[in-house]
């Protein structure tokens, strides 16, 4: 018995408008996930054969492969004077989009240990953001933390670098009168600081976040395994789009001068998100369905 095509067509139910809207919304959300420019990585520890880090100066992966050692030690493991080392993640970060003027948000968390054989440690570490081609400035050991040359350390018009420093030695020319965590914007003189009590040889944690909507750079640090039980917090309002180029690299720097300590990073995670112009347009359509 023959069945007419007309009857077959009549038995098919049309797709309902709510279902069509749901499918459209789902496809937009799926597309939006792929419309952001993000950088994400995690180091639970560091391997001697690490290939996704750029090591500069005296920085190296410890022989045991458990930490990133920023400054030099002698054969007995004691820190030496006048050492500078930096480590940067190999893949550049798209910090802002010149075609849309949109700016990325990011968050990074790391653990570190600073240890010294004396009660006068120097000089500290910094998490920093700089142009992709950045290298160690000449003469930047000691209080300059491997970030600035002596000639332009206090001239913010000659630098492109934003850093969060964990400073253990007071340099009277630019530091407050105590050990501190500071936010540096194109100069070694911090724009915002908080007094910081360094715990020799203890594990420290730090979380640094940037909100692209509020333009606020925030820092929280603590020593979770000590009796201190104190969070050190500092923040600063800064438009990174006006201070840094569109593409940058992120990393760590450490230095010793006349006084010394070991500077070791034990773990590091980083996550950023830069929404594209396509995702912004899709947000408008998504709101119509929600």
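Note that Cβ sites are derived from N, Cα and C of the backbone, with glycine treated the same way.
For the annotation N-linked glycosylation site, the record in Swiss-Prot points to 155 among the listed residues 34, 155. DSSP assigns residue 167 (Mn(2+) binding site) to a strand in the three-state reduction.
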